[in-house]
Amino acid sequence: MPEEAETFAFQAEIAQLMSLIINTFYSNKEIFLRELISNASDALDKIRYESLTDPSKLDSGKELYIKLIPNKTAGTLTIIDTGIGMTKSDLVNNLGTIAKSGTKAFMEALQAGADISMIGQFGVGFYSAYLVADKVTVTSKNNDDEQYVWESSAGGSFTVRADNSEPLGRGTKIVLYIKEDQTDYLEESKIKEIVNKHSQFIGYPIKLLVEKEREKEVSDDEADDEKKEGDEKKEMETDEPKIEDVGEDEDADKKDKDAKKKKTIKEKYTEDEELNKTKPIWTRNPDDISQEEYGEFYKSLTNDWEDHLAVKHFSVEGQLEFRALLFIPRRTPFDLFENQKKRNNIKLYVRRVFIMDNCEDLIPEYLNFMKGVVDSEDLPLNISREMLQQNKVLKVIRKNLVKKTMELIEELTEDKENYKKFYDQFSKNLKLGVHEDSNNRAKLADFLRFHTSASGDDFCSLADYVSRMKDNQKHVYFITGESKDQVSNSAFVERVKARGFEVVYMTEPIDEYVIQHLKEYKGKQLVSVTKEGLELPEDESEKKKREEDKAKFESLCKLMKSILDNKVEKVVVSNRLVDSPCCIVTSQFGWSANMERIMKAQALRDTATMGYMAGKKQLEINPDHPIVETLRQKADADKNDKAVKDLVILLFETSLLSSGFSLDSPQVHASRIYRMIKLGLGIDEDEPMTTDDAQSAGDAPSLVEDTEDASHMEEVD
């Protein structure tokens, strides 16, 4: 008597995904088999790993394999594995009621035009079964539970019931009820083609139940019976009478007996045929492996639908022995920088036995995009995660993996087109490496690429920059900001560019962290053009003019400092401005304006740190600008002129904005601007305003307090 089934509803996102898979036309449906074989391989990995510390786990079935059984009569394709199996709660949770983190991300990618073959990268590969099947049953037996069956025709729900039919021992059996228009997936040749294409490097035997013919020798009357049937048919078809020769009966009987011994018939039978007999690719000589084989192995390893960008195959021998195969993918995974997610990019083997695929100590976090395998001869087979953390062998392997990755990236830099593809995807990883890896900082700095004031639309390396430096240039000049357009038009680069010096544009938030650790490159100090103390090479006449300007504007600087009070640390004459009247620079050791903006955007920022790390501001004025010169004349004429005070505040707030800072009271600043506009248009302050005007003016501080001062305002161009 069949057990009563429990019915469950699919979680909303999963139901939506299944609907998308079923109702959308996809040309490459064959990937369903790759995904199910990959899942089976993962289940086998898990039971093998558990058995290393507890061999009794394999008492329920010693042999580890994957088996494919096509049945044309029933219209089903069955995939069996002897892996870890699933408990009842695993079936309910993993196959329907709990959405994986990648479910939503995959749907969004699909709707944006991504390929269905990406499904495995998002952890929802099982549902690809519905590309070719209208009903799926999953029978599973875990060592810790009874045998259960999961079943669904994808109508928004699924059932789970206890299963008392043929026992599996341990593992999972998936039966796909193939759609009528997809029966080619029941053909042996098609299945072999797909396995060879996608799964030939799976580490367990993949067996296909094939139908064959063989000749069978018979010594009984079976062959005669078949022949008699055939002869009777022929007799009925002809009118000629049969003539018997009685005298020859004895001879005929003797001949018949001899003939019976030799007669053979053809019979059909089934047997398992192993489809993936290739030995692990990393154990072979790199000279004997084609790029196509590397490509197929990479896809099999990672579930990626695209080829890899670069590969490094090497072995280390001596006191320590291991082989490794490292790949750089073409694009970043959707969850590259999710801190809580455990990476499974580098698979660790010990003497060809899979140990684990999420060993965090195998490669540093900034290289977590690398994929591949490491096969050690020296680690113990039953090593635990805790033991790994203390293991000296692993530390040596890690050091070698980082070194070889650096070599691989360096080789990639020689191919400009491919390196651009790599850098577009993984530049943040390299920059994170500069921040975190002091041992490889200099090497990683070689890999960085930036726009500069001389590079146009192309990126260039710091080495290119240094090679173009002028004879009298001591430093590498850089500016950080939000975009190339913003920094290239910044007041800070005016004088540097006018002198013919190149400026590096750093426009990613992570660049701010890079320059905290990258203080110099090839002996040249990196100098920010937005911070105090900028020194530019100058001749005697320029030095003399600067000293004269300093003396000439000394009184204005003091006045501006007294007006601005603690808003700025000091006011000085600038040597970096050409077209702008003034700018705000920060102290050497505080944050730049860009870093301050980034930190203010942090949701969990430390307000105490904000207080002392926000750099002390310094106002620099341009002695050659007409606004500053006119302001000096007005201040010399009357230090107590209220218009001068308002103009100084207005200049300060405007330079804050143009230097990349934000205003504490933007509304007050806006009101000052509106008053200036009114004065410029000749609108009398005493003229009655409309309600809207009154609201917009708000509590704006007056620019001037009497009409006499108003006339002073109008004099400033």
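Placement of Cβ uses the backbone N, Cα and C atoms for every residue, glycine included.
Of the residues Y49, Y294, Y423, Y477, Swiss-Prot records the annotation phosphotyrosine for Y294.
Taking S219, S483, S662 one by one, Swiss-Prot attaches phosphoserine to S219. Feature annotation (Swiss-Prot): of 520-552, 685-717, the stretch labelled region 'Disordered' is 685-717. Summarising the environment of Y294 (phosphotyrosine), the number of other Cβ atoms within 10 Å of its Cβ, over all protein chains shown, is 18. The secondary structure of D81 (ATP binding site), as reduced to three states from DSSP, is extended strand. Sequence-distant neighbours of K100 (ATP binding site) (same chain, six or more apart, CB under 8 Å from its CB) are F122, G123, V124, listed in sequence order. Between N39 (ATP binding site) and Y294 (phosphotyrosine), the C-alpha separation comes to 21 Å.
The two recorded residues, F126 (ATP binding site) and Y294 (phosphotyrosine), have Cα atoms 25 Å apart. Computed over the motif 'TPR repeat-binding' (713-717), the whole-number mean pLDDT of the model equals 41.
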